[in-house]
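Only one structure is covered here, and it is reproduced in the block below.
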């Protein structure tokens, strides 16, 4: 009882101390908070929908890409811009590739102040995070910006590829570590400096270091004790074909003495080579020693974004139909988890059940159509057979006359 009370008080204190900077569940008035970019005239449009299947129609409503082979650009301001200095930064949202996407992005951007009408793929951003699918590429993108450069994540964990809703969470901690979760399950973690090329390396190979002249690079050597067997060269490489016979029309006076054609000798052992043994002098692969990098500059603020002011989707999709929902930006993973429990976590089982039911109906419809087609083909074949029988009867009558 005391343990449960203590945990409850701890969670309550975390909730009191935490801050939710942005939250979006896409209610019917969502367009009052979001702006489609007009920087290009052919951008695709988002629409509000729960999709073809859902667990709860109201809770599962989100914005969906609605036009194939289109770029999309839409953003929403954060009421009060903020810096994540001294605290964690958590970005979370759900993605539902209902269309069984073949090529397209599903990522969200954290932005500085932006002119929403002019928002494009070239607009500077702080973070780009989320799934990316195109052909064999099925990965979670996590790009950070540092001093104006967009830095790719060294890791490429696989993203979810089914047509159900999945929640992606990125956590950048105040100690410069990070976590990536999918449906509240940790998929990756590490340090920013190790998993992004943010800073110059602390050490570099010494350009003055040279490989010693007596360094042995070969891991194996010829066995000096191995000797070629005395009968190794006894058999020649080729021999006359023992199954060949002189043709009956062979004339030695005209054709010369007949000789059987030569064939490969199955007993020939080939060129003898002494066997290899481990080289006792082998020292391993040589590499120069590491020395401190004179260009390395420590920075304990690589995780800090001074002005986080908006969220936005900047996407390209070949086949539209992705639904985005339940965005939260906070400084507390516990808050993000609680939000998940209230939204996707609360409806995922019902959504899966609805999906399974829709798939069963689809299979039944396909089976009914297949049977109908088979019956029509069978009926057509029987009618053709009857026509053939009638023609044969008429031909028989004509023959009798």
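Cβ from N, Cα, C; glycine included.
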Swiss-Prot annotation (region '3 X approximate repeats') - matching range among 139-177, 256-294: 256-294
342-345, 398-401 - the one Swiss-Prot records as motif 'Prevents secretion from ER': 398-401
Chain-internal residues, separated by at least six, CB under 8 A from residue 134 (disulfide bond): 102, 103, 104
Positions on the same chain near the repeat '2-2' (270-280), where near means CB under 8 A and six or more residues out: 216, 218-224, 226-229, 232-233
